[in-house]
Amino acid sequence: MARQNRFDRTSFQTQIIDLSHDGRGVARPHGEGGKVTFVTGALPGEVVIVEPVARNRHFDEARVVEVLQASPQRVIPRCSHFGVCSGCVLQHLAEDAQVVSKQRVLLESLERIGCVSPERVLPALAAESWGYRRKGRFSVRWVEKKGRTLVGFREHDPRFVADVSVCHTVVPQVGEKIALLATLLDSLDGRCDVPQIEFIAGDAVVALTVRHLQPLSEADRLALIEFGKEHGIAIFLQSGGVESVRLLWPDEVLLAFRLKPWDVEFVFRPLDFIQINGGLNEKMIAHALDLLGAGFGERVLDLFCGLGNFTLPLARTVGEVVGVEGDIGLVERARENARRNGLGNAEFFVADLTRDQRDAPWMRQGFDKLLLDPPRSGAIEVLKQLPLKMFERIVYVSCHPGSLARDADFLVNEQGFVLRAVGAMDMFPHTAHVESIAVFDRC
């Protein structure tokens, strides 16, 4: 006997009252006290017809079938793949409204999770919203039914690769060549052995790193070289872990970007972490240094420093700066970049900041101010170990409002700091990702 549907999939009309933290519309079709329904593709204030797609204990999920009354902030998505590809979720919302929404998510998270409110809300930072992604990873899959290779981000259903020919958020040197890249992979003998391609862009060079599960034939290597020559793209191969990455073409290449306001150049490797949005990154650094307010006579501790994205600009403006990072490769590059830029007042240490560091040499040094830029999980482990009373000011750059709110709760409600200011930064336009910056002062 055929399996019965577990819930009623009949379409119905509803009004959208809010936007969720992941970019979906929020409806309460059963009234104020009823279960919430998250609606993909809907915006606040809209009246829509929706089709249920999933039912959960505490909430339901649906998708828009028809918009009966559109929001004045609704715009036509630039990408024809919007709604299928998971790379963007907010292209149907005007760009200024996206930023307002992210600012709201940030403030709501601080209040709801951290039980804190800032004295001042900083104007949100934004930069170029198209062609900004200078680092990313495309999935690759040969699809027998289509008879061709798909290259792109995953669909919202992560089992599938989005069938795209162009991506408007990726740097044009890569985003406009996805179809050509797919054609190249179609021609390879080992087309089924390439699961992903990573891209990264410096100021002068764009690089692709081709991950392959089996050794590539000489013909395949030559095809990749010809593609690199034709389009001016450096080609790297990766047969295993990060340590297996090798340059295929050209014979030598220098991946680098310069932060002109501080006359600092960063040299990096193809799989290194760099901030995805170069234009916003420069604004963010200037904003963070201005908020930190550290001068030539002061010592600054920079945690989760990576390549030294904040550390090296800080070294131009303060007496001494110490950067701490868990990735030994990034620390090696940070030290080398400090030497290349003649910054002898920047020192770097390798440390896993999720573990006990109370006996680490840098932990015993004295500092005036603290800057930190942790991963999504936040910084609670290291914050609980630091002698926080030595810091006059803390500037916290966050990539997740939930972990920032948790850490703000600790700093304000347990350690007695004051949350002076906070603001969103639109590092990832057209996505629901919320980057932010917060300023804490010692009482």
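Glycine is no exception: its Cβ is also placed from the backbone N, Cα and C atoms.
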Check Swiss-Prot: it lists PHE304, ASN309, GLU325, ASP352, ASP373 as binding S-adenosyl-L-methionine. Then name which of GLN275, GLN365, GLN385 it lists for that same site.
GLN275
Residue from CYS167, CYS192 that Swiss-Prot also lists as binding [4Fe-4S] cluster with CYS79, CYS85, CYS88
CYS167
So, by DSSP, how many helix, strand and coil residues make up the domain 'TRAM' (4-66)?
0 helix, 33 strand, 30 coil
Relative to the Cβ of ASP352 (S-adenosyl-L-methionine binding site), which residues of the same chain, six or more apart in sequence, are found under 8 Å away?
GLY326
Return the member of CYS79, CYS85, GLN275, ASP373 nearest to CYS399 (active site, nucleophile) in space, with distance defined Cα to Cα and candidates limited to these binding-site residues.
ASP373
Could you tell me which of these binding-site residues, GLU325, ASP373, has the greatest number of Cβ atoms within 10 Å of its own Cβ?
GLU325
DSSP on GLU325 (S-adenosyl-L-methionine binding site), three-state: which is it?
strand
Inside 8 A of the center formed by the CB atoms of CYS79, CYS85, CYS88, CYS167, which other residues of the chain have their CB, for the recorded [4Fe-4S] cluster site?
HIS81, PHE82, GLY87, GLN91, PHE153, ALA162, VAL164, HIS168, THR169, HIS430
